[in-house]
Amino acid sequence: MFDFLIEGFGVALTPLNLGLAFLGALLGTLFGALPGIGPINGIAILMPLAYTLGLPAESALILLAGIYTGAEYGGRMSSILLNVPGDAGAVMTTLDGHPLAKKGLAGPALGLSAVSSFVGATIAIIGLTLFAPLLAEVAVMFGPAEFFALMVFAFSSMSVMMGKDPIKTAIGAVLGVLIATVGVDSGTGVMRYTFDMPELYDGIDFVVMIIGLFAISEILLMLEHAHRKDGDGELPPLGRVFVSLKEVLYCKGAMWRSGLLGFIIGVLPGTGASVAGAVSYTTEKRLSDQEGTFGKGDMRGLAAPEAANNAAAAGSFVPMLTLGIPGSGTTAVLLGALMLYNITPGPMMFTERPEVAGGLIASLYIGNIVLLALNLPLAGVFARVLTIPRWVLVPAIAILAFVGVYQLHSDLTAIYLMLIIGVFGYLLRKLGFSLAPVILGYVLGGLMEQNLRRALSISGGDTSILWQSGISLGLWIAAASLLVLPWLVPRLLARRHAA
Amino acid sequence: MSQVTKPVADRLLGIALIGLAAFVAVQAINLEVPFSYEPVGPRAFPLGLAILLAGLSLPLVFKPGADGHWPHKALTLRLLLVLGLLLAYAMLFTRLGFIPTSLLVVAALARLFGASNGKALITGVLLSAGSYVLFTEGLGIALPTGTWLAALI
């Protein structure tokens with residue numbers, strides 16, 4: 001049953017892939033530590049360059065996954081030292097992390113967060129190893145109707161779980177799916193929304209889309225903070241660099257509980273690190289905050305969200321690898337990257353391309369150890385990255401974005417398109433949208449339509465095929481109840497109170 | 001509506017999205033579809049999305065949320081400047097070549113993000129030359145050398 005893992009370690013332990021896992025972890029930590037650059041932006045900026053290396057699929061995926069997990073590690077730097085979360089997943093880390101730094105315990109706080117991240121990620125990777133092949137066996141039975149229902153379920157769970165505003169999350173996803181309809185229709189050869197521009201016949205390029213949406217909009221957004229004095233050489237002193245064993249053991253309960261919780265939340269489609277961090281922090285606070293020290297620099301309040309973050313990051317690989325449904329915005333980007341290699345992730349991947357699935361999982365084990373080894377002694381060095389001023393950072397992102405898109409086809413239309421998408425992304429962010437649903441919709445949109453049309457072709461146009469099987473009916477009911485319950489339950493409770 | 005300040009952003013967004021939905025729907029209906037054995041065809045999916053989008057936009061028009069923080073005048077100007085710079089970068093990228101264009105754009109961007117003149121210039125020189133070497137030598141990407149320069153020689 002674990003043949004894929006043995007084969008995977010064979011792939012991951014080749015010198016090239018080992019080096020790439022190391023490089024990814026290093027680059028990811030650096031990019032994650034850069035002020036304002038979360039994991040998703042880091043992957044968006046580095047991905048096109050990974051292509052130019054001409055790597056085989058599994059090696060490219062190992063590199064990108066290393067960047068992903070590395071960025072989750074690096075993101076905690078600005079949360080702990082500056083009280084500025086790099087992305088939504090790191091918000092909870094600031095609550096106890098920054099007070100610890102103010103107490104002069106920045107060094108131990110960074111060390112503890114590295115250890116908690118390691119524990120959380122290890123729990124989740126073991127969970128992934130055990131759980132993914134089982135889920136893949138179930139998923140083999142999925143036909144087009146079941147996949148369509150599954151995607152509807154993923155979108156509805158995302159609308160409820162992600163972001164403050166469910167309607168805007170849903171609109172973002174619909175916009176993403178609409179963008180995916182641009183280009184030649186594979187079923188009939190009809191051009192849709194191409195406006196007679198040959199550059200659009202193949203649809204909007206994935207790299208152009210994510211660079212515009214994330215990198216360019218980030219540049220525009222950073223302008224607002226251009227003169228804010230965060231991180232211009234005023235880091236708090238790190239204090240002693242290592243965390244003591246006693247401190248780690250003090251947090252062990254928080255770590256494994258949050259790791260488990262984070263894994264489960266990460267597996268659910270649409271809910272990523274941000275939800276995991278919030279849920280684990282509130283759980284841990286309820287369980288173990290007897291003296292009211294949470295929020296004032298309690299080590300357990302730092303260990304919990306850090307373990308959960310990284311567990312969720314690894315957990316979101318489960319739906320991505322087995323069902324082809326990403327569990328978060330970042331895995332949606334990874335999924336898109338795989339599709340560029342003509343690999344459609346899904347249940348068949350474990351049998352047809354075990355070197356990709358197994359290689360990735362094996363490299364997660366390796367990358368996790370590399371990250372701990374890098375982050376414990378080098379925390380002080382990585383923290384220096386925070387002092388890079390924005391006037392160096394922004395032009396550097398601009399160069400990476402332009403070259404990343406230009407090298408695709410050596411053509412300028414793609415660059416103009418990237419700028420337009422960047423302005424679109426900026427406006428969405430200013431209007432209170434989260435970008436993860438947009439990218440999820442864009443990545444899944446094509447598959448969603450294909451599966452719908454394939455299902456209806458099989459049935460000759462009879463729509464009842466969409467909910468005929470037990471699996472798809474269950475998914476429809478789950479999707480509907482997710483959408484209705486958060487709205488219905490408070491109302492029912494209110495009525496009972498009124499009566 | 002009896003709010004003190006009426007929120008505008010969401011309402012405008014909702015109207016714009018309904019307009020987009022209408023556009024998507026009209027485009028989909030006007031698609032000329034050749035005969036095919038497939039029962040659904042290319043029209044239905046975008047049409048369904050347009051209906052969904054219009055439906056989701058209605059609450060934004062009738063129950064808009066609070067406006068976020070929008071850039072004030074000075075910031076808007078600088079935002080447009082940055083956009084203009086990026087546009088200029090795109091237009092000059094192949095004509096003037098990678099190194100000179102990057103040098104100019106990086107220096108100007110650094111200046112806009114608060115660097116002094118000297119620091120901006122040094123950043124421009126180092127980033128453009130450094131990234132050129134990294135991309136061409138390290139990653140094997142062919143970067144434009146500039147059609148204008150070639151025309152001069």
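For all residues, glycine too, the Cβ spot is worked out from N, Cα and C.
Curation plays no part in TrEMBL annotations; they are all automatic predictions.
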Review point. Which of these ranges is annotated transmembrane segment in TrEMBL: A:81-102, A:323-344?
Key: A:323-344
Revision key, fill the gap. Contact set of the transmembrane segment (A:388-408) with the rest of its chain, CB cutoff 8 A exclusive, min separation 6+ beyond the ends, reads 34-37, 45-49, 52, 205, 207-208, 211, 215-216, 218-219, 222, 225-226, 231-232, 414-415, 418
Practice item. Compute the average pLDDT of the predicted model within the domain 'DUF112' (A:18-440). Key: 85
Study note, to complete from the structure: Of the listed stretches A:167-184, A:204-223, A:260-281, A:415-445, the one with the highest count of C-beta pairs below 8 angstroms to the transmembrane segment (A:109-132) is A:260-281
Check your understanding: Near the transmembrane segment (A:415-445), which residues from the same chain, at least 6 beyond its ends, have a CB less than 8 A from one of its CBs?
Key -> 40, 88, 151, 154-155, 158-159, 162-165, 168-181, 199, 204-206, 208-217, 219-221, 270, 272, 325-326, 328-330, 332-333, 335-336, 339, 401-402, 405-406
